[in-house]
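What TrEMBL records for this protein:
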type: BINDING; residues: A20, S21, G22, K23, S24, A25; note: ATP binding site
Amino acid sequence: MNTESQTKKRLMIGLTGGIASGKSAAARRFQKLGAILIDADQISRDVVAKGTPALKDIVSSFGPEVLTPEGTLNRPVLGAIVFSDEQKREQLNAIVHPRVREESARLISAAPAGSVIVQDIPLLVETGQEKSFDIVVVVEAPIEERIRRMTEDRGMSREDALARISAQASDSERAKIADVILDNSGSLEDLKDSVDRFWNEHVANESPAGVQRSEDR
């Protein structure tokens, strides 16, 4: 068990999953059940808002073309650059990730004792953060279903969808660090039911200090 979470009697849950796996829907359900949600995606958007030091660093690294006429980050343009070039993606991550971690740590420190904290982190595996949590939960969905969601719901091309999937860890890599896997191959209601079962088994019936984390990941 993580010593800090034990001392402060907080239950730290790391939530991850590939793009369009349904991770965000699971996160919203955890929040509705009473968890404090720390959303790494939202924080990453906040830290690169107009006028921030991170945005200035991004412009310095990738050029003014990554800005909209209003001076905000042009995400499609930046995405086209970094999702086709691993080195540039790592360069972007080096700018954004430390700031996301700093803000996440601030939010955690502000949470009251006894809290259940769910950190929604898309790149949990890639950033090696799995040992920071009492429990790691992975949301999975078939790749073809994820591609369908990205093309039909988000308007991406199949090529762009595949590029974004390829830029992340594989399902097998995420499974290796998972304590619990939530299958999201069905309906949204099915996913909510899975989150509810997890909550009842691992949270509602356990005190945070008594939950044992997996030591073999």
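Here the Cβ of each residue, glycine as well, is placed from N, Cα and C on the backbone.
Under DSSP, S21 (ATP binding site) is assigned to coil, being neither helix nor strand in the three-state scheme. On its own chain, K23 (ATP binding site) has L15, T16, G17, D120, P122, V139 as residues at least 6 apart in sequence with a Cβ closer than 8 Å to its own Cβ.
With all protein chains in the displayed structure included, the most crowded Cβ environment within 10 Å among the binding-site residues S21, S24 is that of S21. In the structure shown, the C-beta of A20 has more C-beta neighbours within 10 angstroms than that of any other entry among the binding-site residues A20, A25.
Taking the mean position of the Cβ atoms of A20, S21, G22, K23, S24, A25 as the ATP site, the remaining same-chain residues with a Cβ inside 8 Å of that point are G17, A26, V139, A141, N184.
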